[in-house]
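Lifted from TrEMBL, the feature list:
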- 11-23: compositional bias 'Basic and acidic residues' (COMPBIAS)
- 1-23: region 'Disordered' (REGION)
- 31-50: transmembrane segment (TRANSMEM)
- 89-111: transmembrane segment (TRANSMEM)
- 123-146: transmembrane segment (TRANSMEM)
- 166-186: transmembrane segment (TRANSMEM)
Amino acid sequence: MDTSPVLAAADAHETDAHETDAHETDASERWLRFAILVALISAAAALRLAPHWDNFTPLGAIALFGGAAFRSRGASVLLPLAVVFLTDLLIGVHVLMPFVYACLLFNVWLGSCLKKHLRPVPLAGATLLGAVVFFVTTNFACWVVYEGDSLAGLARYYVMGLPYFASSLAGDATYGLLLFGGWALAERYVPALRPATERTAVC
């Protein structure tokens, strides 16, 4: 009796079962990764509601981290901005918000450029560039909205904003270290979060 068809059917069934298990595992790992990323960003954003120094906030770091960490372009843009917007509703909205969110989108783009270059030097450079763009843009916006009648007034806004730039850069660096460092630790100790090619045993 020829058992080849039976064996072939059994092999096909086993292959389908393995593929189904692999698909379910991959989906669960994606959801785990997504949930941890959202938790990290939400925790950072919630700290905006706690007392802090002027401009020492996680805004720039959240956008930079979101752009670098989320695999989906839509998620990397929408989720960080949505979390920030929810905290803005609690803190209070203001006329300069469009300029602030434009800067956050720039940071998301910077983060997306870092996806394959997550090293200290590129990350530090992106953090500095994001802070500079935020400083230049928001102070220019303040001048346009509240004054806008002389270049001397614009220069005054930039001079007056220098202490806030230092605080903003310190906040971006501190929260960036916490977010990127926290994610690096999570990837190290939760193998499912790492790319498949990097899943080696942790000593």
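Heads up, residue numbers simply count up from 1 along the chain you see.
Note that Cβ sites are derived from N, Cα and C of the backbone, with glycine treated the same way.
Keep in mind that TrEMBL annotations are predicted by a computer and have not been checked by a curator.
Counted as Cβ pairs under 8 Å, contacts with the transmembrane segment (89-111) are highest for 123-146 among 31-50, 123-146, 166-186.
Packing against the transmembrane segment (31-50) from elsewhere in the chain are residues 57-59, 61-62, 65-66, 69-70, 75, 79-80, 83-84, 86-87, 90-91, 175, 178-179, 182-183, 186, 190, 192-193: each is 6 or more residues past its ends and has a CB under 8 Å from a CB in it.
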